Amino acid sequence: MAGSPRRTAGQRLQLPLLCLLLQGATAILFAVFVRYNHETDAALWHWHNHSNADNEFYFRYPSFQDVHTMIFVGFGFLMVFLQRYGFSSVGFTFLLAAFALQWSTLVQGFFHSFHGGHIHVGIERDALASSPLSPSPSQSPSMINADFCAGAVLISFGAILGKTGPAQLLLMALLEVVLFGLNEFVLLSLLGVKDAGGSMTIHAFGAYFGLVLSRVLYRPQLEKSKHRRGSVYHSDLFAMIGTIFLWIFWPSFNSAPTMLGDGQHRTALNTYYSLTASTLSTFALSALVGRDGRLDMVHIQNAALAGGVVVGTSAEMMLTPFGALAAGFLAGTVSTLGYKFFTPILESKFKVQDTCGVHNLHGMPGVLGALLGVLVAGLATHEAYGDGLESVFPLLAKGQRSAKSQAMHQLFGLFVTLIFASVGGSLGGLLLRLPFLDSPPDSQCYEDQIYWEVPGEHEDLAQGPLRAEEPETQA
Amino acid sequence: MAGSPRRTAGQRLQLPLLCLLLQGATAILFAVFVRYNHETDAALWHWHNHSNADNEFYFRYPSFQDVHTMIFVGFGFLMVFLQRYGFSSVGFTFLLAAFALQWSTLVQGFFHSFHGGHIHVGIERDALASSPLSPSPSQSPSMINADFCAGAVLISFGAILGKTGPAQLLLMALLEVVLFGLNEFVLLSLLGVKDAGGSMTIHAFGAYFGLVLSRVLYRPQLEKSKHRRGSVYHSDLFAMIGTIFLWIFWPSFNSAPTMLGDGQHRTALNTYYSLTASTLSTFALSALVGRDGRLDMVHIQNAALAGGVVVGTSAEMMLTPFGALAAGFLAGTVSTLGYKFFTPILESKFKVQDTCGVHNLHGMPGVLGALLGVLVAGLATHEAYGDGLESVFPLLAKGQRSAKSQAMHQLFGLFVTLIFASVGGSLGGLLLRLPFLDSPPDSQCYEDQIYWEVPGEHEDLAQGPLRAEEPETQA
Amino acid sequence: MAGSPRRTAGQRLQLPLLCLLLQGATAILFAVFVRYNHETDAALWHWHNHSNADNEFYFRYPSFQDVHTMIFVGFGFLMVFLQRYGFSSVGFTFLLAAFALQWSTLVQGFFHSFHGGHIHVGIERDALASSPLSPSPSQSPSMINADFCAGAVLISFGAILGKTGPAQLLLMALLEVVLFGLNEFVLLSLLGVKDAGGSMTIHAFGAYFGLVLSRVLYRPQLEKSKHRRGSVYHSDLFAMIGTIFLWIFWPSFNSAPTMLGDGQHRTALNTYYSLTASTLSTFALSALVGRDGRLDMVHIQNAALAGGVVVGTSAEMMLTPFGALAAGFLAGTVSTLGYKFFTPILESKFKVQDTCGVHNLHGMPGVLGALLGVLVAGLATHEAYGDGLESVFPLLAKGQRSAKSQAMHQLFGLFVTLIFASVGGSLGGLLLRLPFLDSPPDSQCYEDQIYWEVPGEHEDLAQGPLRAEEPETQA
């Protein structure tokens with residue numbers, strides 16, 4: 001491998017030892033703390049003499065699997081657009097998310113459902129674990145919430161894609177999962193904020209955590225690797241696999257943790273329409289601002305998804321179908337313009353190198369989504385929600401809060417999230433700059449060969465089939 | 001970009017302005033007309049004091065998501081087989097379907113559930129909206145039906161793939177969605193025809209609409225682009241992603257709008273077995289007619305799916321498992337032979353240039369499926385269906401029709417569909433031939449570079465990694 | 001096509017004639033024997049006056065579709081890693097699985113639910129068909145079980161990938177489906193063994209069947225094709241599509257046939273955590289043993305999945321979340337070390353050429369999973385399971401067996417499986433060595449061009465776009 005410097009033994013051992021250490025630690029913590037909940041424990045479930053059809057599994061598992069697909073297929077392949085970083089994009093997504101699922105089970109368990117010295121796990125919250133302030137099911141340790149937390153980590157990964165080693169990424173996840181859990185606890189349990197699809201807790205948090213972290217890791221010499229920063233034809237098609245799976249399953253993402261019944265149904269519907277509108281506005285704006293009227297794959301792959309982000313807070317509310325379209329249209333527009341005009345400024349003026357443009361897909365649309373939540377919550381009335389108000393805004397239904405007060409809490413939740421993300425990203429950046437950590441040199445960013453065995457490209461198909469005289473390509 | 005002519009400002013602006021116009025118009029219509037239905041509205045749902053477990057969401061959403069995957073992943077990637085048209089195939093699928101979902105929500109709403117000046121939306125029909133003649137759930141505005149309509153539009157897209165610009169395609173969708181809704185209304189609501197999986201309303205309609213349209217747009221000089229009409233190794237693998245997702249989820253497609261219970265279960269089962277048989281017959285026939293006994297990817301990618309199309313009408317009926325196998329076998333055979341022998345004739349004699357061979361996958365199998373529906377409906381007896389007759393053939397159960405009369409209505413439904421498709425395709429062709437519309441020249445068909453920024457291929461991986469001296473590939 | 005010898009007419013006709021023969025035979029057998037069951041027959045379902053919401057469809061179909069995705073997308077694309085065998089990998093997976101679904105419906109029907117001269121089919125067992133010894137739902141003819149059987153066939157395919165023709169593969173499936181059904185019948189119905197996710201019946205059986213078969217087909221001159229045995233950059237990315245879909249849906253695989261309620265929920269949860277641990281141990285070990293500390297795509301694509309295999313037997317039991325992590329960690333470790341150190345020995349010393357390394361992903365983890373099942377079954381107590389014992393270990397609950405006796409039966413089940421697999425693989429090898437069968441020569445292994453029309457690679461994108469002067473690539 002010409003040009004790629006050999007790493008020292010100390011650098012080479014960082015990834016395997018960190019994996020083993022983290023896995024050992026979580027396994028021990030699982031042994032001590034984690035138990036089946038009432039829905040997954042054979043004795044507890046049957047003790048209550050439930051009908052099997054009542055098991056939460058049947059109401060949550062299809063949505064969970066869609067979310068799971070988004071995390072591993074969606075995020076993983078969306079980042080494959082880089083011509084020389086496909087193995088790392090999909091591989092490190094795989095590694096980071098697998099670790100985050102375990103670690104966030106523990107962290108969220110300590111915050112939300114630590115009873116009798118144990119954390120109880122299932123696909124959704126332990127019914128006994130809801131806080132009096134906020135009975136929202138999104139606040140407990142569960143497979144769905146662990147996947148949500150992994151999503152936030154992967155958003156941050158998008159900002160620094162190609163510029164960090166896998167050991168650094170695992171350390172980032174170690175820190176970010178804790179702060180994600182803390183921020184979510186403050187918002188959902190202490191402030192009584194609604195944020196089912198995570199415009200704030202997932203998208204804005206993950207984006208600004210990653211952007212601040214990328215600022216701390218700023219590389220003035222990054223243009224040494226800029227020839228690898230683009231895509232090639234096939235890598236853009238792989239990325240579209242990620243885009244499309246994210247797009248189709250986003251209604252499941254936003255609705256996965258909402259209250260059952262009309263709430264879940266309405267959330268999916270609103271998200272579905274919002275996404276169609278962000279797709280149309282993305283195509284429109286991309287062609288408008290494109291050279292010679294041409295569409296840009298970067299916009300289509302990313303900005304078309306902004307409609308899912310922007311209704312993350314409000315989709316479970318009575319947003320109305322028109323509201324969903326308008327929100328999606330706005331998000332696609334802002335996101336596309338962000339890619340075209342703001343990302344270069346972010347790098348040149350603010351020294352934030354945002355590989356995937358997470359500021360455009362998750363940052364701005366996440367903030368917009370939080371503000372939309374402020375608006376829609378502030379407009380909530382008993383007429384509009386009827387007896388359904390109890391499910392969506394329990395504190396309003398109980399008369400403990402007015403709609404305006406709920407709106408103010410929502411706004412304060414956004415503020416808290418931005419604080420947590422910024423402080424967390426700064427801490428993360430300092431942690432990742434520890435000098436002994438293995439990090440790619442400026443000239444080797446966006447390059448798989450540092451961390452992966454890459455098959456010899458001179459063997460590529462393009463040279464024609466059936467060349468029996470050629471040497472072996474892979475051991 | 002050598003060889004690709006620059007478009008005028010007027011041509012370049014057509015796509016963005018049309019996107020903005022259409023999105024603005026649908027948003028206004030949504031604001032005026034579209035409301036949540038009883039299953040998605042907080043107040044209405046709770047007013048009725050339902051159990052949340054009864055919400056239609058839990059019975060329909062998994063099937064809906066499978067259909068959604070088919071539309072965007074299945075159709076999108078199936079058409080990526082062209083070597084230079086991958087961005088357009090998956091990208092224009094994305095755009096067209098996103099628009100069709102909104103527009104068909106409106107059109108189908110006006111036809112099927114316009115009550116009190118409003119259209120009520122949810123994943124499935126509003127229970128109050130069924131017509132007295134036909135209580136089939138497939139006749140109302142819903143996310144599932146909007147996806148079905150998008151499927152028909154994408155089938156038509158397959159016939160003209162590579163030969164039209166995106167603004168032309170949006171205009172086609174604008175027209176086709178209206179005619180789809182009208183045809184479906186006539187069949188399901190006026191004629192009481194059964195067609196759950198849409199052999200007629202989706203496949204035959206979409207195929208003949210597209211084929212007639214392609215005839216009107218006939219390009220005698222298309223061979224100037226024929227070198228781009230084939231596949232390359234990797235583009236065929238991308239296309240197989242589309243094929244396999246269509247294949248595995250087709251049981252969900254046919255069963256998504258059927259009556260709950262045995263109806264949905266039986267429809268999925270019949271489709272599953274029919275597809276296995278069409279796969280075996282496709283492999284058999286492809287090898288039989290192939291040069292030197294070799295299999296042809298075009299057949300495997302397409303004809304193997306014909307088993308899903310051919311039972312679209314009859315899968316919810318008592319087709320029997322053997323009937324499903326026989327139907328699938330026949331469909332795979334006819335479709336493969338169509339690709340081999342009939343597609344060339346269609347172009348040379350009938351001047352129909354059918355890029356994806358939709359005549360073989362959707363046209364002939366759709367007509368066969370309609371005829372199979374005639375046969376199976378005509379054989380319906382009270383013994384075979386018992387009390388289930390009410391669900392499948394409500395008019396028979398009520399004694400308002402004999403089985404023979406139902407069969408005649410089914411046959412008439414096919415006839416009506418072919419008329420609507422032909423007239424619609426002709427109108428569409430005239431519309432798309434408007435001289436000011438941006439359309440690729442004969443020498444630039446099947447080519448992404450007219451409408452997309454395509455990354456420089458000289459940067460391709462095949463030339464080897466780590467070429468630090470090369471210029472930037474993408475801004 | 002330089003270098004590829006022409007096949008004789010007799011060789012070319014083997015695939016189509018065998019497809020037609022097998023399809024004809026199964027169709028006739030379906031006509032005579034296969035009927036709808038109580039859940040899919042219109043008259044039978046309505047005769048019992050069920051609520052439609054009780055139809056097994058709503059409890060099983062989402063899991064079934066995940067399994068279906070794993071079989072066709074997961075297995076199919078996982079094997080696309082070979083640089084010149086992508087069409088065959090995904091195409092023959094498609095063909096083999098489509099045939100196995102039909103054939104195993106018949107075979108399993110004869111073993112498990114042959115009543116009144118008929119086999120009754122649905123997505124899950126006919127409730128009337130359970131054996132007194134073992135009421136486990138996994139023992140009856142069903143779409144889920146047919147897919148499971150196809151999985152075993154595809155595992156065996158992985159061992160001989162690239163070294164056999166499609167007609168040989170169909171004959172292998174013809175034999176293996178029968179032995180799979182027989183082995184499963186002995187284990188589940190006669191021995192009362194528990195094996196919901198098939199560590200024994202699917203993974204160990206499929207792997208050792210394929211490995212013994214590969215031994216019988218040993219090719220001493222296979223290195224003539226070794227230059228095609230490796231991957232290229234894009235083929236490894238295609239393979240990751242397979243890996244990720246297998247990984248995310250494995251919780252559905254293991255839980256698809258378990259008892260409803262806590263059983264299904266717990267099985268999914270255990271599998272989810274086991275997979276996260278096998279992913280971390282695979283990354284750790286791959287980097288530890290890799291050249292210069294680099295990760296190997298072969299390990300990530302395969303060994304990370306071993307966590308799903310290893311809990312196939314025990315995931316429905318009270319394994320505990322910690323137990324799931326520990327099992328997954330062990331499986332990922334063993335599997336990665338197997339790829340690195342044991343696969344070369346398997347070829348050089350034992351003359352077993354295992355193309356995909358199924359010994360490492362399915363063989364060893366399957367045996368480990370069986371042994372883990374022995375351990376966890378042996379530790380079962382009334383305290384731990386409460387009234388849920390009836391669902392997981394019905395014979396223990398009825399007092400017909402002690403936990404130790406159940407453990408011994410589990411161990412004996414593994415022994416029986418290995419015998420069936422070895423004898424079956426030997427018979428299969430002798431069958432496939434019949435001299436008139438079409439088989440690729442040693443120099444043409446791992447090569448699509450023998451069986452497929454492959455588009456001319458000189459037309460590849462790498463040479464740049466828009467070459468209007470070039471000849472047509474594909475008819």
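Placement of Cβ uses the backbone N, Cα and C atoms for every residue, glycine included.
TrEMBL labels come from automatic prediction, so no person has curated them.
Positions annotated as transmembrane segment by TrEMBL: A:15-36 (among others). Listed by sequence, the residues of this chain that lie at least six past the ends of the transmembrane segment (A:15-36) yet keep a Cβ under 8 A from its Cβ atoms are 44, 95, 99, 102-103, 105-106, 109, 114, 117-122, 165-167, 170-171, 174, 438, 451.
TrEMBL lists A:27-128 (among others) with the feature domain 'Ammonium transporter AmtB-like'. Helix, strand and coil content of the domain 'Ammonium transporter AmtB-like' (A:27-128), in residues and according to DSSP, is 70 helix, 9 strand, 23 coil.
Per TrEMBL, the feature transmembrane segment maps to A:67-85 (among others).
Look at TrEMBL and you will find A:92-111 (among others) tagged as transmembrane segment.
As annotated by TrEMBL, domain 'Ammonium transporter AmtB-like' applies to A:142-433 (among others).
Feature annotation from TrEMBL assigns transmembrane segment to A:143-162 (among others).
Marked as transmembrane segment by TrEMBL: A:169-191 (among others).
Among the features that TrEMBL reports, transmembrane segment is placed at A:197-218 (among others). Sequence-distant neighbours of the transmembrane segment (A:197-218) (same chain, 6+ residues past either end, Cβ-Cβ under 8 Å): 148, 151-160, 163-164, 172, 176, 179-180, 183-184, 187-188, 253-255, 267, 271, 308-316, 346, 350-354, 358-359, 361-363, 365-370, 372-373, 413-414, 417-418, 420-422, 424-426, 428-430, 432-433.
The transmembrane segment annotation in TrEMBL covers A:230-250 (among others).
Through the fold, the transmembrane segment (A:270-290) approaches residues 197, 247, 250-251, 253-255, 296, 299-300, 303-308, 310-311, 314-316, 319, 321, 323-333, 335-337, 340-341 of its own chain, all at least 6 residues removed from its boundaries and within a Cβ separation under 8 Å. If you look up TrEMBL, you'll see A:270-290 (among others) marked as transmembrane segment.
Tertiary neighbourhood of the transmembrane segment (A:321-342): same-chain residues 269-282, 285-286, 289, 296, 298-299, 302-304, 306-307, 309-311, 314-315, 357, 359-361, 364-365, 368-369, 372, 376, selected by CB-CB distance under 8 Å and a gap of 6+ residues from either end. Look at TrEMBL and you will find A:321-342 (among others) tagged as transmembrane segment.
Summarising the annotation, TrEMBL assigns transmembrane segment to A:411-432 (among others).
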(Q) For the transmembrane segment (A:143-162), give me same-chain residues lying six or more residues beyond its boundaries with a C-beta closer than 8 angstroms to one of its C-beta atoms, as numbers and ranges. (A) 60, 63-64, 67-68, 70-71, 75, 79, 82, 85, 88-89, 92-93, 96-97, 100-102, 104-105, 107-108, 121-124, 169, 172-173, 176-177, 180-181, 198, 201-203, 205-207, 209-211, 213-214, 217, 225, 228-229, 256-257, 352, 354-359, 362, 425, 428, 440, 445-447
Q: Residue list, the transmembrane segment (A:411-432) vs rest of chain: Cβ under 8 Å, 6 or more residues beyond ends.
A: 156, 164, 168, 171-172, 175-176, 179, 182-183, 186-187, 191, 193, 195, 200-201, 204-217, 367, 370-371, 374, 439
Q | Long-range environment of the transmembrane segment (A:67-85) - Cβ separation under 8 angstroms, sequence gap at least 6 | A | 93-94, 97, 144, 147-148, 150-151, 154-155, 157-158, 161-162, 228-232, 235-236, 238-239, 241-243, 245-246, 249-250, 252-253, 256, 297-298, 301-302, 355-356, 446-449
